[in-house]
Structure formats: C-alpha cells, structure tokens
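Colleague: Following this message is one structure expressed as structure tokens.
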C-alpha cells in the first residue's frame, strides 16, 4: 500500500486546493442556475424552524375558519416534510385533532415496518450511513428506487390533502365530532402509512454501478483510492458522474478522500469500503454539485406545498425532548406517559451521604455500614458484584444484605418500591400501568415501563438502564444492565434463583443458587478455572461467609436478634458490635484495639456522642432524615453542612466561618460551586443532562460534545483547541485526535479489551488480556515482550501479579498472604524483601535481603506512630485528639512541632534548631504568607492567586515573581524582578513552542508523539532523534556537535558516542566513547570509558555498593529505602 496524503493549507477555506477549485469549475453535470435556486428554496421551506412557524400560523388561521385537518409526517430520501394537519373551530372539540395525530403517527410507524418488509422482499439493502472506511476503485454505488418513492410520496400528499378537505367539509357541515374524528383517524392513517413506506424505501437501495477511476499513486489494499472528482460508472445516469463528497481532514492528490456512505453527483451512495482501514468520519464542506434529479425535485415541491396549504396544523416534535431514552431493543417497552409522576418517599439515605465512625457505624441511625465488592471484571459495562449490609433488606444476596444483583422492584397498590444496591427503598408513584416516575430523593433516576410487564430504571449520570423483567410474585428481579450503546449484562434465572450472568463482551459467570440465594459463581473461560466465588448463609438466610477469588475471605456473625455483631477477615482482623434496645450500635471494638468507639444517642435533640479509644469526644447533630448537619470535633471546632432534597450538599462551613456553597438545577445536577472568597465555577448541561460546558472562576469555558448515545466525543478547551474521541458502535474509543494531527488509535480484542495501541508516529504496542481482564502480555514498539503471570496458588490466592518476565528473560517474583498483601518480593537476581502485617492490614515489619528489619507501630486510629530500625532507634510521630500530626521525633531525638488553626491547617512549625515558621491561609485554603523567624531575623514570603487558584505572585525581601496565564491555564509570562520571560504554545498543547524575553529567544519543536525534537536559539539548532520507543538516540547541532546513544531491550543505556560529525555507530569517529553494563536487577555494573578505562561496581544484598579502596562511594542505596506515608497529609517544609 502506497500512501500519499496531503493536507489542506492551514487557515484556508475547506477544500480550497487548486485541484478542488478546478474540479468544481469543470464539473460536467453541475446543476444550472434554475435548478440550484429551486433546490435552495426547497431547503429553506424544509427547514424545521420555518416549518414550526408555518404550523403556528396555519393553526391560527384554521381556528378562525373553524376547519379541521389531519397531521402526517414523512421522511424520504433525506427530506423531511409535513403534510396533512389538524385544526379546530373551537378549543373544545379536541377529539378529531387527537384522532388525526394518532392515525398519522400509527400509520407512519406501520408504514415504516411495511417498507422494510417490502424492501427486503425486493432485494433492496439499507443505504450505507457515515463510515470510517475509505473507498477504492471497484467499490459499489447504490441508488434508492426514486420512482417508487416518488409515487408513494405523491399518493401520501394527495391522500393528506383529500382527508384535510373532507374533514373540513364534515366539520363545517355540522357532522358530529365522533364522525369527524373517525374520518380523520382513517385518512391520516392511510397518509401516514404511505409516508412511512416512502421514508423506509427511501433509505434502501440496489447496486447501480461502481467507482471506476481513483488516485494514480495512492493505494489501499492494492486498489486506487477514491476521492472527490473520481469518476464512477452508474447504470442509471451514465459514465460522467463523480464522487461528490469526501473527508474534511484527509486529502489525496489535493482532493478530499471519499469514504463509504459519501454521496456521488447523481445522489448515489458509496455502499462499500475497505473494512481493514479506519480513517476519520468528517465530511468536507466543499463538494461537487449533487443533483437528485427533476423527479425528486417535483415530489419535494409537492410535499412542501402541502406543508403550507391553509390546513389547520398540529404540533411537530422538537429536539431536546426530556423523556428518558429506552433500552435496546425499544420496541418491547411501552410509550411513556407525557409527564412523570413525582414522589419524595424513601426509608433512609445512601452510604455516600452518611457520616460514619469506627469500623464503620452511621452516627445517625446507629447501623453498621458494611460495603464490600466480591467480583470485578472490566468491560464496556464493568461487571461488579457489590453488597451492602442494611437491616430489613432482602434479595438474592441474603437477608439484611442488598447489592448490585439483589436490587429489585416491589409492586404495590398505586406505587412501586425500588430497593437500591445500598438497601435503601425509594417509592415511586405508579397509579397507571404505563410508568414514568421520579423520586425527588434521587432525581437522576427515572422509573419507566409497564407494571404488568417490563420496568426499568434509567440513570442520567451513568447513562445505564437497569432492567427488571423476572417476576416472582409481586417483585421484579434484575434481568439486565444496559448502556445506550447496546452493551449489556444479562441475568438468567431458574426455579432456584439466578443461574447465569452473561456479558455482551463475550464472557459470563455460571451461578449456582438455592432457595433464591446465590451460593457459587465461576467465571467461564479456558483461562478462568481458578476464578470462583462462594457465599454461605445461616438458617435464616443471612450471609455468614464469603470466599472470593479476587477479594479474599470474610466471615460474619449475628446475635439472637439477627443483628450483625461480628466480622473477621482471613488474618488478624476481628471486629465486634454491641447494640442497645433500639437496635443501634453503642460500642464498636476489635480484638487488636483498633477503631474502637462508643456511641450515645439523644433522639430528642437528634445528637450522637462518639468517644474514641483515646478519650477524644465528638458530637454529631443530624436531621430527621439522618443527615449530619453539624459536627463538633474533639478540639471544639464546629463543622456545618447544609443538605438538599436529594441528599446533595448545598453548603459547607468550617469552624472559622469559611463557607463553600453549591447550586444545583431542578434535577440534581451541580451547576455552580463558590468558595469563601466568592470565586465561582459553573457547569452547563443539555436536555439529556450531560455536561456540555465548564466555566472556571476566571470565565474560561471548556466545552464538551456528546454523540447521540451520550458518549463524550470532543473536549474543546477555552482557546478553541479540540480533543476528539472517535468511537465505534459500542462506544469504545477507537481514536484520540489531538491538534497538530496527533492521533492515537486503539484496537480491541474479541472481548473488547485493548489489544493494540498505535501512537501518533505510527508505532505499535500490543497487549493481551485474560478473560478476567488482567494484562498478561505486552509487546513494545520494537517487539520486546513482557509476560505477566497472575496464576492463583497458596502464595497468590487472589490472582495478583505473581511473576513478571522481562524481555531479557529476567523474572521478578512476588508472593502474597491470604489478604492479598505482598509477603516476599524478589528482584531479578533473587534478592528478597519480606513483609509482615497485622490487623486491618497494617504493615508491622519489613526485612531486607540481609535480614535487617524495620518495624512499624500504629495507634487506635490506624495512624503510623513509630518506625524502629534494626538498631532499635525510633522515629516517632504524635497526633492531637483531632488527628493532626503535632510532633516528629527523628532517630537522633530531634523534635519538630506543629500547631494548627481550628480548621485543621498548619499555622506554625517549630524546627529542632528553634526556627519558627508561621503560615497564613486565605479563606479558601490557599497559603498566602510564610513568616520564618530565625533568631533575630524575620523573613516574610507572600503569595497571591487568581480566582482559579493559580499562583500569580510571590514576593519576599529578595525579589518579586509574577506570572500570567492564558484562558487554558498555561503560563504565558513570568517576570522575575522586572525581567519578563514569555511563552507560546501550539493549540491544545501544554508544551511551550517558543520562549522570549531573554534576548536570545528559544523555539522548540515536538514529534507527533509529543517528544522534544528540536531547539532553536541564538542562530543555531539542536535537534533530537528518537527511536521507536521514544528513547533519544542522537542529538546534533548545526555547528557540528553530535551525541549518539544506544539502548538495550530493557530500555537501559548501553553506549554513548560524542564527536564533531555523525558517527553512525562508528567508535573510531568519536572523540568520547562510553559503555555501560547492567545486571538483571537493573543496576549498573560497569562503566567503560575510552579515556579513564573500566570501572566495575558490585553490590551487596541490600543493593549497596561497597567503597572501593582509595575512591569515593560509587553508588547509593537503591532498594533499602523506607518510604513513610503520613495518613494525615503532607508535612510542611
């Protein structure tokens, strides 16, 4: 395949290449002036906005006349028309109008199905729609049967006009409303059927020719590529017709490349394309003239005239209807009512709105809040099995347990109750069989369907349908989860309960259920034999044990009243709960002493007092719905929260009075967030409740575009630069397109997992996943293979990464305990680091390959309190009752102390040498001043930020630094003590392409992959050459300097050559030559220099290099460093 693409000139009009201009000027079959003007007038008349206005005028005129008409709509050959309408003499007699509209809609629906059947019987095929497949010589041209379509449309217009006149005569002649309504219904039904048939047949066609001429030097699959102006052979219109449409971004020989679905000058459709090649889906605004012919023109004229005859008018549907979408296929779901019913009844709040303490316990209800995930498998819709403990919940995951699979609908008189995955019950008012209902406590969820059949929930946020269609008495159990792209997870039941779960991606679970409770599940697949899950229950159907191949083992116990009073993992964690007579937890403790709390409830004042193991006391005030509106921490600080109807946070206030506010629209979408300093950012949504724009506090607007299935397809930054996401029919991202023609392609395997990534420069990375979705093989850009082994065993019970085999054959091994925690990690030369853990998976000890140990201690709240090395030296950390780190004592006994304001922000740091650092914060939490007092000297540094929180000035006694940013948040200038440096960028890129202000100027260029490829300054250029992996192999200046580098398969540097000219790997031409040797642990073992000779480096088991006699230490510790993570946050300084 020979490629020869050219792109249109940047900034020029689309398609305005010399070749396109000549093709447009010399088109042999272009329309004449009369034909163009006629078609332009029809385009205007068919515009929806014009038709809406015409309908409004027509309706008013008809009301004055007292006439009556019939409504019908048609779609044929890409033309939308409205014919036959309704009118009323008075506002009372609405029955004929409704009858006409109903007859027209029913007829149109029936006609569409009849048209599909007729077309199939005639051997017609659906005309190709927009496609990414390029066309070549030999690809087929299809035409619709225009004569048949025109006849049907003409008949439909005639019937619509006759019915409208007949209805008018009947109405004005005094006929009864019932007779007029019947006449309207029947006539509109006939007209609608004819329109529906025409619309269906207008989108079907048959082969009428092929592309006969293509590019002289650009080939796909050894066939000349088609482009605008390429000639076709058409049996109906002769040999002088051409490809009329093409791509807006890909040009061939100066012409837009034509693809499957594009039109020809005789209004034919390119029906086939190259299935092995995917390009863009754009269509250039510049095209050759397309002429549908006089037959098409006459029919369009008749339909348009029927739209403007003085027949009374009905309503025409408008875009942006707020009715939720339907799952696929939608034919089995009934039409939704015109408006939803509303309710606000629920029996609790979800876990994300709870305030929890201990292990944990909800402070308002006193209920244990236990949430776990037993199964997770990635997919177009991720397959999850979550579960949540909630007293009173029921379902296939056990009594008092709810979950993803246990959610269900309970149908009662006039209402339907949904038990959600958290076990919360939301009531929907459903007085009629056809349902469209919302609950104001969860406004992002809509319930639709039929009480007597299938019902489903649509979540506007996740864009998922949760479908319930397995009926057990008055309950509907979960039968499918589906997205708007048609991907789905289906649930299949037998007499004893759930039997299988299948994913449209090609994997599934075999499930064993007994008495409607799931007991066992196994992933189906040749490589999934060890991915099994079991659940055990007591006599009352409560869950007592879970064994998950992914998340391990958990055990549960209950008291005599059936309340959860114990849970334990497979190691040392054992938690317990004690209750009062009102079934509220009053004490929570563990055998190890961690996370122990006592709770006392004042139901009159709606207040809970919580005391932790250290004696710290907190108070929580809650509403009648169990939402905490005030928390008083152990230091006396009051934290306030305001809640909305849907448990959304409306405002938060810290103990200093700093207040954050959040605004929502009527359906629960966040529209504005304002910080205590008055800076606001906002969000905009479309009718489908998808975000279409974000405006930051400086007014910069980022826009988002979605396709008809709700998939994000474009992000437009405030400068107008676009990041495009090209997707397939399942919604998977196939390409990511950035400005400067940078395009990343993603290919998928049979289970829709990424199997190949193609970088913008054309390099390829190949990936292989197992059925469980784990990466098991990767081949990089040069063919180097890495294998990853997840095999389950006694040393890897959860299927984590057990072995990595690197391209050079080096194996890195890891073993795990029953909790999935790393116990032994061996590097490429076999050196082992060992780890030991305690309750709640806290690390207790690490041991290096030489047996040296580091131990860790924690307090009751799981916070790290001490690190003890092999010599017994301690590094200690101390916390206040709120949990702030107040002191650090290092190994030598030196102490650093910290003070905090009542809002928990560091206000002072006292170093071991007595230096004091004072910190001042803005109301929004930005550090605005640091004052350092060292003896008699005081140094003050102040900072300023813009409304978006970006640093714009830093000032101290030594100088001032200021910065400014563009609308995309990129720094465009920085001034240091009056000296300014400026930066320029390419659209959509954060990497600067030019720097100015220093007198020399600096320009930078980048490769398609975004790597630096050249720097130009002071009249010279430094260029960089990279290999397929992005590793630098050469840098060169225009002055004669060359630096070459070699890399081995593990991406480690092996050689360097430096000389005055390109050496092309010839050491004899180099002035400097250096080589490097490595061991299998990735450590440098030798450095060979042409001048200084060879230096060899050896390591002990801890990766330390002993100091050679008479020389300095050659290497530093690499793998024996202990990283300490402080749970309370980042330490100052």
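The count begins at 1 with the first shown residue.
Positions of Cβ are set from backbone N, Cα and C atoms, glycine also.
TrEMBL annotations: computationally assigned, not manually curated.
Summarising the annotation, TrEMBL assigns compositional bias 'Polar residues' to 333-355. The domain 'DUF6531' annotation in TrEMBL covers 358-428. Taken from TrEMBL, the feature domain 'Teneurin-like YD-shell' covers 661-778. Look at TrEMBL and you will find 308-361 tagged as region 'Disordered'. Taken from TrEMBL, the feature transmembrane segment applies to 148-171, 177-198.
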Colleague: Could you count the residues of the domain 'DUF6531' (358-428) that DSSP puts in helix, in strand and in coil?
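Modeller: Here the numbers are 0 helix, 34 strand, 37 coil.
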Colleague: Please work out the helix, strand and coil residue numbers for the domain 'Teneurin-like YD-shell' (661-778) from the DSSP assignment.
Modeller: 0 helix, 65 strand, 53 coil
Colleague: Count the residues of the compositional bias 'Polar residues' (333-355) that DSSP assigns to helix (H, G, I), to strand (E, B) and to coil, and report the three numbers in that order.
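Modeller: Its residues fall into 3 helix, 4 strand, 16 coil.
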Colleague: Please compute the mean pLDDT of the model over the domain 'Teneurin-like YD-shell' (661-778).
Modeller: 96
